[in-house]
């Protein structure tokens, strides 16, 4: 018996397995019904509404129901999902012994001590038939699985078979004559629905149990005469076949095994007996010391039995179901149906190679237990428990015909395993030795066991054995007879070596240990349910895949584990390779499972620090979920976890942990809670990001901290403003602190005087030399003028030497994960803070309530800054003479001046084809020619200040004595060349990062509705880009993308400004608003443009067009308030879907907008484009300066932008 689960409780009288879930119901003599999960070994629920013992219980096959019957004469039907009794069936007049659901019909059969069997309809909740005939207690009654029969056993020493065919017909098609029977007659005489078919007499005492065979016409019964009888029946009669004797007390329960030709019985003699059905002899007996057995139950599909006894129950198997197998290369060797079979895992071809002749065995569980394969000699060792441990040695034929029925070489010994190409080892129990034999089964060597408690051997490489003791595994060298190493483990059942023999997994019942080949411990993993098998992933080295009763899981070398797949039935893994798992099931069938290895491949790459693979997996795979986030956070990679998280609170925590202020700010704005702003302020202060600290303190209205921040950063203007705010808030202490920070003595005196502290005011004024104020206060104080100490000092803060915002940051290499996922960081726009009025008018709908957003200005000076406007380019004061004189006075005739070399700036122009480097060298003419050839630029007026700035910034001018001319020095990039003579390109002031900052400012101005400012910034970007120089192809692509972005925004902003100029023509305004929505903008700006277009077209009564804008807006998932308004407008438009004015706008026909005329150029129409910014124009514009970039000639031929030497190479 293989015990799988055991409980301790009151006497168990009824048992029932669930058909699909690993559950079992146990009804107790105490009146409680317990619901157990026998896999997990946990009590799921208990039901205790019965009064007195509950003797019968049964699960429904498909519904979430079970039925119980007890000594309180009640039958209760329960819903285990609702965890309550649904209804009670009353009718029996004595103890109820058994209850059972029908497989197909809504019936329950019950047997009772009132000498009747009742059949109930649990849907109508009525008794539909009473079976009378027994003249003593009816101990059990059950339906046949397929036929219309009921079998019952009674203490009247008979077994009865009842035909309920009429009841089934009545249920399917009720007949009038049957319906005429009254309920009273049915109760008294049983009615005509069920009739006795056979009465089986043969037992000498009362019969306790009778059961049908599921498929054969057989019945088995057990009685108080200590006998088990086997009966056969046909259509006309039933007769006794045989009697099984062996029990020494009353037989409580007996049944046929569902999957084997055996009978299982239990008895009050404290034993369970297994009988061979064909030989009619006892096969095996299991005994308990003190507990009588009362009930048996069998799982309908699985090889599981349960038995209830005086102090609980046991769930057990009679035989192991694991097929003996071994894997070598791509071939699986296994035993099935008395054959050794081979299965090619690549071709999926199966062959039976050797027929096994099973030795004469008595008893269960005598099949093959394990297998060892010898690839050198193509031999197989099969071990079993026959005779206390034995082995069979087979030489596999080369032809693999399957007809070979060779007589194997047999022997007695435990754990036979190959240890060399022509040697295998066994444990000889008698002599307590390890015996080595050759392939002729001859003993070649003996050596004592390294430990006396060793009971099993496992392969550990040539010449080595892994020996299992009670609490350890020992690595034993057979030749030297020494223990090489050992490791403490739970009791090991299976050993799995990695393909390279570098690692080993030692599998126990509820845990496994991973160790190196020298048994150095790597990790231990514990499971709550049984571990069944395991194999190493041959594709991802270092990953161990294992199966439990209901999962396939993985384990990494650091002990991290996780679930790969859920199983319906247990499987035994034999090989894992390339995302495919090969396994055997309990029937010996080979199954192939596709597994998703992305999670453990990701973790493996993280452990091995292969970050390029990590980035690739995050981009391409569907990895997500709290488990991955928690794992990354736990392993110290919160910056990677950020890319999996959508929840703003989790994002905020991860951003703070990883120090990513930009994402933390965005999340804090979404959450908008005081605690989060406070934490953001702490982190920003730690990083020296004073702007964010200031923003956080403003959000939390933490005026004290804000004042101190302005003090330490030297921001006196805002400190004065804080003093004004404190005055407005009537915060006297705040005013006083701020005046202290500012060193404003007069304000301090004023505050003290207003507060009534005249003595302190006098002391402050007198100490700081405010004599007039001091004398006035002295007059007011009169005799109470305080005396001042002689050593009084001025209390004034130091004047800030330098006022700077954030701390300077080191230039470090960009983090591996920064920007790898297309993050926009601080460039993301916050929709909740957008002032929609700057974009256009609101839609007024009668049904909608107007809710204007109140924007609180926290900073008074912000308005002043906005009014100043713009990116101001200050003129540099250039020296009048930037060139050195060529004539030098010769001091002595002996000295010959060296010939001048090539100026650095000249070398720049010789080497480079980049316009920016030519401008830096001062070669403006060649720079202009390059730009004309590359981009078709003709209008160089906007580029003049940029040329000058580039040239000046790339040179330093050294002044020495007044009589010596100024010496210009060219500033080069830092050179990586070891040669001091090698010249580097110029250091330019315009970089990609500078352009990105300017782009953020332009986005911000666009969002705030400052379209003129935004247009100026985007044009400035377009004018700067031709002079930018970058280092690699990736940055070249970014520059090209930047040109495209700027072109779209300049076009959009010109359209919007044109619309605002066109005040009188409402139709033209609507057209321009519609064109605006077709520019390729960021989502936040597109939403705003759609709102504006929706409002204009709705007011212009072009409801059909307004409806299209509403739908497009709703598709972009706008904020709730905007979405609500859009739905209201859409509803209003759908009531009247027509346009009053004809617009030059067809949303169904793709088009681009002409950058000069602002009219649509539909697909298929002729057009011309700008060679630089790629803006499209109607053909009439060809030859004129582009209206978008203001630089190039429309329609001119050009080679394209050149901003990196990698494009030239």
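Placed from the backbone N, Cα and C atoms, the Cβ positions cover glycine too.
Listed as Cβ neighbours of the repeat 'WD' (47-88) (distance under 8 Å, sequence separation of 6 or more from its ends, same chain) are residues 13-19, 23, 25-33, 35, 94-101, 103, 108, 110-112, 120, 122, 125. The repeat 'WD' feature in TrEMBL is assigned to 47-88 (among others).
The repeat 'WD' annotation in TrEMBL covers 89-130 (among others). Look at the repeat 'WD' (89-130): DSSP puts its residues at 0 helix, 25 strand, 17 coil.
Broken down with DSSP, the repeat 'WD' (131-164) shows 0 helix, 20 strand, 14 coil. Annotated repeat 'WD' per TrEMBL: 131-164 (among others), in sequence order.
Marked as repeat 'WD' by TrEMBL: 200-241 (among others). Below 8 angstroms of C-beta separation, residues 136-137, 139-140, 142, 144-145, 149, 151-161, 247-256, 258, 263, 265, 267, 269, 275, 277, 280 of the same chain, each at least six residues beyond the ends of the repeat 'WD' (200-241), sit close to that stretch.
Counting only same-chain residues 6+ beyond the ends of the repeat 'WD' (244-285), those with a CB under 8 A from a CB of the stretch are 1, 205, 208-214, 218, 220-224, 226-230, 291-296, 298-301, 303, 305, 307, 309, 318-319, 362-364. The repeat 'WD' feature in TrEMBL is assigned to 244-285 (among others).
Residues or ranges marked as domain 'COPA/B second beta-propeller' in TrEMBL: 338-585.
Feature annotation from TrEMBL assigns domain 'COPA/B TPR' to 612-770.
Looking only at the domain 'Coatomer alpha subunit C-terminal' (814-1209), the predicted model's pLDDT averages out at 77. Positions annotated as domain 'Coatomer alpha subunit C-terminal' by TrEMBL: 814-1209.
Here the repeat 'WD' (89-130) has long-range neighbours at 14, 53, 55-61, 65, 67-71, 73-77, 136-143, 145, 150, 152, 154, 162, 164, 167-168, 171, 186-187, 190-191, 193-194, meaning same-chain residues at least 6 beyond its ends whose C-beta is under 8 angstroms from one of its own. With DSSP states grouped into helix (H, G, I), strand (E, B) and coil, the repeat 'WD' (47-88) comes out at 0 helix, 24 strand, 18 coil. Helix, strand and coil content of the repeat 'WD' (200-241), in residues and according to DSSP, is 0 helix, 25 strand, 17 coil.
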